[in-house]
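Peer 1: Below is the structure I would like to discuss, written out as structure tokens.
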């Protein structure tokens, strides 16, 4: 290995989590502060926990509500198709006089 190009290695680096758990590992930093560890991670604990940094969870929930509202709306194509179907469905009524029928039967 080349000399003086590698970072210093600390075999007893202290890791501290925001939940209060701390342990030691080998690292290139003497002290690490982390947001989540195996003592508080939902996968390891089996408990659900929302970690909301910068309102990301709230923003996602608001987007999902907006998408549900947009799904209920009809698009332009659907509106045009409904209008065209309504026009086709409209029946033409012609009033025929009994005298007109009698004239057609004579011919």
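Cβ coordinates come from backbone N, Cα and C, glycine included.
Pulled from TrEMBL, these are the listed features:
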- 17, 19, 37, 40: Zn(2+) binding site (BINDING)
- 74-87: compositional bias 'Basic residues' (COMPBIAS)
- 88-107: compositional bias 'Basic and acidic residues' (COMPBIAS)
- 71-107: region 'Disordered' (REGION)
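How buried are these features, and what lies next to them?
Peer 2: Under the three-state DSSP scheme, residue 37 (Zn(2+) binding site) falls in the coil class.
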Peer 1: Within 8 Å of the centroid of the Cβ atoms of 17, 19, 37, 40, which other residues of that chain place their own Cβ, given that this set defines the recorded Zn(2+) site?
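Peer 2: Checked against the 8 Å cutoff, the neighbours are 18, 20, 21, 34, 35, 36, 38, 39, 41.
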Peer 1: Return the residues near residue 19 (Zn(2+) binding site), defined as same-chain residues 6+ apart in sequence whose C-beta is under 8 angstroms from its C-beta, sorted by sequence, else 'none'.
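Peer 2: The list for residue 19 (Zn(2+) binding site) reads 36, 37, 39, 40, given in order along the sequence.
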Peer 1: Among all the protein chains here, how many other CB atoms are within 10 A of the CB of residue 17 (Zn(2+) binding site)?
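Peer 2: Its Cβ has 18 other Cβ atoms within 10 Å.
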